[in-house]
Every structure is written in structure tokens, then in C-alpha cells.
């Protein structure tokens, strides 16, 4: 087997023997833990519900087969064969592709900054869950202790606890506010936990992953069993998976499916390449790629069932309260006996009163109570975790226990994903030999974690959640699509399909079949290029705006849509393209270095001029 660029598989760049997984189970759980993250819980169910229910699975599975699994297989194969992190792998394939590895490292670094901030919020909620009643179950008194806080009464108890008592959010991104010390303490604690788990690389994460990767499945199962026994759960699941094939005509559905499978598998971060580099050379990486990808997708479906069984219960509960308020108005307005009308009889009684006394009914402030409207009030991201689901937990018997389980699950989910992010940073740095051999690995890991903590303190400001949204929306998506495109093209056309097929045969015992070769050479690059163009078009047509929480807004508690200031818009554009600039920058440096080398070689080969001075 001939290696591109004359590179050979090697150790960790420090002259030491490269670490190895204790067993295959550790490796699989680490990859699954990295792939299965918060997005499986709070984004996939939302996309499935809003994009046609079961119909969304059609573009999702197509993207999984034609895009997700092929790229994932490439990352595991090159990491395992070259035994290096992302920078070392792409430099070995071609020095001109070294920028891909640097870009992956940069994105992993930027994502780690805000991803662990989300974990600090989860930790804050987890600590507050050890109370009965839960602190977000009622409005606090105002400063005079004569009434409830006006902002809480105008919104809701869960919204007030999230936006005011947790984030203490400002009304504008330009108003930074002050450091929220409780959040900063949780942020420091989260980074301390990450450091203790990744302090010696896979030697320590390999032990922690047994708990962080398996505990979420236990909690999801508990929530699923409990959720299915709650009233309204079946209606929630029917609403979630009822297919609406007409939504497939919308190009946004296909774009969301392609990007969801892309980010769900954590492609192009460099973490999977780093994990695979600790495998034995003859491990069956094809089987691993298919297994991990399928487990990731099945986890998304499993989580959707568990989440929407609980959200169906919440919707049924809210629908019941809505009917009760209307029933009370009818009883008072028409002097009917108490409890003379049940929820089941409400529609018939209202129709009768509308026919007999329409003017009296028209004067009543009756609410529109449709179960579907309450099922529509789902959310994704932090809105699902810290508002919708926390409110659903309040209605469950033994609410504090369910809150502890839920936020404990989210913390372990995010923690196992952080293992992959940190490996995507630490492993390339070690391979490059950025520190002397005398410097322990623990020191380098500690310095990286400390730097991340210091830079992430900005997210602990009162405007921090606005900035986290900026980083989440613009730092990773476009860059990862670009890097994945160069990964596929780099392997299929720069490294060469024949040589890569030889590598696969050496590792798995058989050459890749027609499906793999066609997807690597044609389908995946074209699909990524299409996603890139579509994503650019969406960014170009979507105004750079954000939703502000402002109690002084006339339509509060609705969000106030605001445009980003010019300097924030410039930051968004910079985040979109800055990591990707490593690719042309490194290629340009390599080209200049090669030209300089040719010039030096030509000058060394020329005869030296004779001294023409007078004698």
C-alpha cells in the first residue's frame, strides 16, 4: 500500500505508542455518544412534526443512505488507516488539503464554546430540580411582596424562570448587561467535568462513556413507558407521525432532512476521525459506520416517541384547562348548576346555546379550544427543553423526580458529544507536536479547557443567549458542508479510488461495492454541492434578525423581531466563512512554498558567476 505524500501510519506525534481502545464496545459507544446528542432529542422530533410527520422520514432516509453513511464511512476509514487526527490525515493525503483539518479543528473549538454553555444551563436546571415544588411552578412575589411579578403573570411561570431567573436576558443584543455569576459557576463546573473526563484522552473517556452513552437510553425508556400511560399520549403520537405527503413538495423539507442527518452524525468535526485513529488497522470500519449511523437514526425516532407522548399529555392537559375556563364562563353567564356540563358535553351545549341565545354567547370571552392547536405549540432547541418540556413535567405526579431524570439525561447526552468535540481538538494538536514531549497530555488538555472557559464567559452575560444563537446558526453549518465536500473529493479524486479501495480491502477483507464507489465519486459530492448552494440561497434570502424577549414590547409575551446591528451582521458573515478560509490559505501557502523550493533548486543548479574584478 502506497501512502499519499509519503505518509505512514504512526503514533501520537510525541514519539509515544499511540493509545488504543480497551475493547470495541468502548469505541462504538464513543462514536454513538458523539453522534447522538441534544439534537436527537430537541430538533428531530420538531422537524418530523412540522414537515409532514411520517412523510419527513422519506427525505430523511434518502439523505441517510446517499449522504450520511457514505461520508461517515470515509471518516472512519481514513482515521483508522492513517492513525492520525484530522490535520494529520488530510495533510498526509495531500499537503494542499491540510486546511480541511485545520478548519475541522476550528469548528470543533467554536462549537465546544457554546455547546458546553448549553450544558451549563442544563446543569443549572438539574440543580434546581432537587426541590419540591419546582422553582418554575409558580410566580415569585414582586419587590413589595404585595403581588406577583408582572412579567411572570404576563407570560408564564416556566418562561419567567427561563428568561428572567436563569438568563436574566436583556431586551437587545447590543446591551451586554452584566455577568450572571450563577451561570458562570455552572459553566466552570461543566468545563471541570469535561476536563476530568477527557484528561487522558480515550483512557478516561473510554471509562466514562459507559455511563454517559447508556444512561440517556435508560431515561428515554422510562419516559416512554410513563408517557404512554398518560392521557393524551396516543393523540400526540398520532399527530407526530400522521404523514402529510404534500409537504414533500417544499424544497425546505428536503434541505432540512439533508442537514439534519449531516449534523446528527457529527460529520466533518474531526472527532470521528480521531476516535477511529485509535482502532487496530484491521477493524471492520464498514460494519461500524453502518451500525452507528442506524443506531443514531433509530435513537432519533425512539426519542421522538418518548418526547411526543409526554407533549401529547401536556396538550391534552392544556386543552382540558381551556375547556374548563369556557365551561366556567358558560355556567356563570347562564346561571347553570355547578358541574352540570362536562368536558365531553361542552361542544353540544355550546352549539345549543349558539342556536337559542346567539347574542348572549357572542358577548362571552370564550377561548378557541382545539386539541390540534395545543399540539402545534411544540418547539425545538432550548424552547423545547427549558420551556415546553419543563411545563409538561409540572403536570406529572412526582414532578421533581421527572425533572431530575430529564435534565440528567440532557447533561449526559451533551457530555458524551463534548468528548468527541474535544478529541477533534486535542488529537490533532498532539499529532502536530505543538507541545514538547516533556509536557504531559493532561497539561495540554487543561490549557485547552481553560481557554474555552475563558472565551465562553461571554455567554454568561445577560445577552449571552443571543450570542449563543449567533454561533449556533452561523459558526458550523456552512463550514461543515464545505469540509465534508472536500473530504469526499479529497478521498475519491486526490487520494484516488483505487488506492482507497485497497485500503478498505486491507482493513475489512473486501473491496467496497458499487454502492460505495458511486456515492463517493458522484452522488455524495453532487448532493453536498446542492446543499451548499441551497444553504447559501436560504442565507441570502433570510434577513439577519433575532427574536428579543422584551417585557416592554406592546405584544409581550410574543417575541419582538429585531434586525441585527451592522457589526453583529459582520460577525455572522465572518463566522460563516472564517473556518473555511483555512482551505485556500493552506493551499496557497503550499503553492508558494513549492514555487520557492523550485526557485532554490534552480539557483543551486546554476553555475556561480566568475569574479570579474581587475587584477
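The backbone N, Cα and C atoms fix where each Cβ goes, glycine too.
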Please find, within the list 290-311, 334-355, 356-377, the residue stretch that TrEMBL describes as transmembrane segment.
290-311
Of the ranges 181-202, 379-400, which one does TrEMBL list as transmembrane segment?
181-202
Examine the transmembrane segment (261-278) against the transmembrane segment (290-311) and state whether at least 3 Cβ pairs sit under 8 A, considering only residue pairs 6 or more apart.
yes
With every protein chain in view, how many other Cβ atoms are within 10 Å of the Cβ of residue 264 (Na(+) binding site)?
23
Tell me the Cβ contacts of residue 296 (Na(+) binding site) under 8 Å, same chain only and six or more apart in sequence, or just say none.
32, 35, 36, 40, 264, 265
For residue 33 (Na(+) binding site), which residues in the same chain are close in space, meaning a Cβ under 8 Å from its Cβ, but six or more apart along the sequence?
209, 212, 213, 416, 417, 419, 420
Number of Cβ atoms other than its own within 10 Å, given for residue 413 (Na(+) binding site):
28
Which stretch from 27-45, 57-78, 99-127, 214-241, 290-311 shares the most C-beta pairs under 8 Å with the transmembrane segment (443-462)?
99-127
